[in-house]
C-alpha cells in the first residue's frame, strides 16, 4: 500500500529503535572498555571475542530471518516478535555487564562469550522483525524515508543520552565503583526497553498486501541470489558499519589516553550522534525527494571520507577544529546510515519484481548479516590495534599506542567510507526504476486478485 504514514505511527515505530539501542548502544559505547578496564579481560581476548561473536550474530540474523518469514499470526508476521522476544533480550543486556570479577581470566572469557552470544541471538530475533516491519507498513518512498530518518534520530538520541547519563558516572571512577554503575543502569534500561517495545507494537500495523504463500527455503535463496542491488547495498553497508563501530569502540580510549580527559567523552558522543545523525536525519527525506536515495548516500559517504581525513590531521593541534571535522564526518555518516534503511526496503520489491516472491525477513536478515559483520570488524579493529601497539590498561600510553588510537578513530573510518562511496556509485536501483517496479507489482496483484475472485465466484 502506498498511503502516507501518520507521525504518530512513525514516532511509535522509532521507539522500537530506542529500545533496541538500550541493549545495542550500551555494547557499542562501553562494552570493550568494561571488559578490559573493569572485568579484567585482556584486550586481545576481548577483541577476538567481539569479532567471533559478531560473526555468530550475523549467522543468527539469517536464522532469525527464516524464522520470521515462516511466521504468520493474527498480529501479523513481524509485530509478535516485539511482544514476546523482548524479555530475553533485555535480560541478556544486563548479564553481559555482570562478569564475576573474582573469577579466573579463563572463566571470565567463557562467561563473556556465552552471555554475549545469548545477547546476539535474542537481539536478532527482535531486531530482524523490527527492521522488516518497515517494508510491511508502506511502499510509499517518502514514508519509508521518514521511517528511516525517525529510527536514525531515535538511535542517535539514545547514544547521546546514554553517554550523558553513564559517561559522567564512570569519570575518574575506580573499577569497583564502575561495576555498580553498570549494574544499576543496565537494569533500569532493561525495564524501560520492554515498555518501549510494547508501545512500538501497539503503534504499528502491517499494511502491505501479500498474495503469494510462504516460499520454500530453496525458492527464497534463489530469490536472494538474483537480487544484485541487495548484494551491492550489503557491501556498502558493511563498509559504513566498519567505519561507524571503529569510531564508537575507539572513543573512550581516545578521550582517556589521547586527550587525557574522560569528561570529553560525552562531548565526543554528542558531536558524533546529536550534531551528526540527528542533524542530518531530518534532511534525508528532502534530499531523497530532490536527488534520489542513491545520490543522497553518495553525498553522505563523500562527506564522511573528507571529514575523517581532516579529523586525523587537525586533531594533533586544535581540538575545536578537530570537533568540527568530526561533526562533518558524522553528518555524512548519518546521511548514509539513515538512507540505508530506505534502500534496503526497496530491494524487497526488486526481488518480488524479479521472481514474484516477497521475502522481507530473509532480505532484511542478509542486510543485517553484513551489518553485523561490519560491527564485528569495526568493533574489533581498535582492540587488535591496541594489542599490537602495546596497550596496557589504566597506564600512561606510549606514542605507538597513541598513534594506534588515532588511526582507529580516524583513518580506519575514512578508508571504509571511501570504499562505500565507490561501491554505491555503481548501485543500479534508481528511484525512477523503483517507481516502475512498484507499479508493475501492484498491477500483478490486481490481476491475481481478479483471477481469485473469478474462480471463487
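Quick reminder: no glycine exception, Cβ is built from N, Cα and C everywhere.
The model shown is predicted, which means the values in this text are computed figures rather than measured ones.
Swiss-Prot assigns residue 172 and residue 352 to topological domains with different names, so the membrane separates them in that record. Here the topological domain 'Cytoplasmic' (344-372) has long-range neighbours at 54-55, 57-59, 61-69, 77-78, 120, 124, 127-129, 131-132, 134-136, 139, 144, 210, 212, 215, 219-224, 226-227, 229-230, 233-235, 237-238, 241, 293, 429, 434, 437-438, 440-441, 444, meaning same-chain residues at least 6 beyond its ends whose C-beta is under 8 angstroms from one of its own. With a threshold of 8 Å between CB atoms, the same-chain residues lying at least 6 positions outside the transmembrane segment (229-249) that come near it are 28-29, 32, 272, 297, 301, 304, 308, 333, 336-337, 340, 343-344, 346-347, 350-351, 363, 366-367, 369-371, 373-375, 377-383, 408-409, 412-414, 416-417, 419-420, 423-424, 426-429. The stretch in closest packing with the transmembrane segment (147-167), judged by the count of Cβ pairs under 8 Å and taken from 12-34, 181-201, 297-316, is 12-34. Counted over residue pairs 6 or more apart, the CB atoms of the transmembrane segment (373-393) and the transmembrane segment (181-201) come under 8 Å in fewer than three pairs, which marks the two as apart. Same-chain residues lying 6 or more positions outside the transmembrane segment (264-284) and placing a CB less than 8 Å from one of its CB atoms are 29, 145, 148-150, 152-153, 155-157, 159-160, 163-164, 167-168, 171, 247-248, 251-252, 254-256, 296, 300, 323, 326-327, 329-335, 337-339. Taking pairs at least six residues apart, the transmembrane segment (12-34) and the transmembrane segment (181-201) share three or more Cβ pairs below 8 Å and count as touching.
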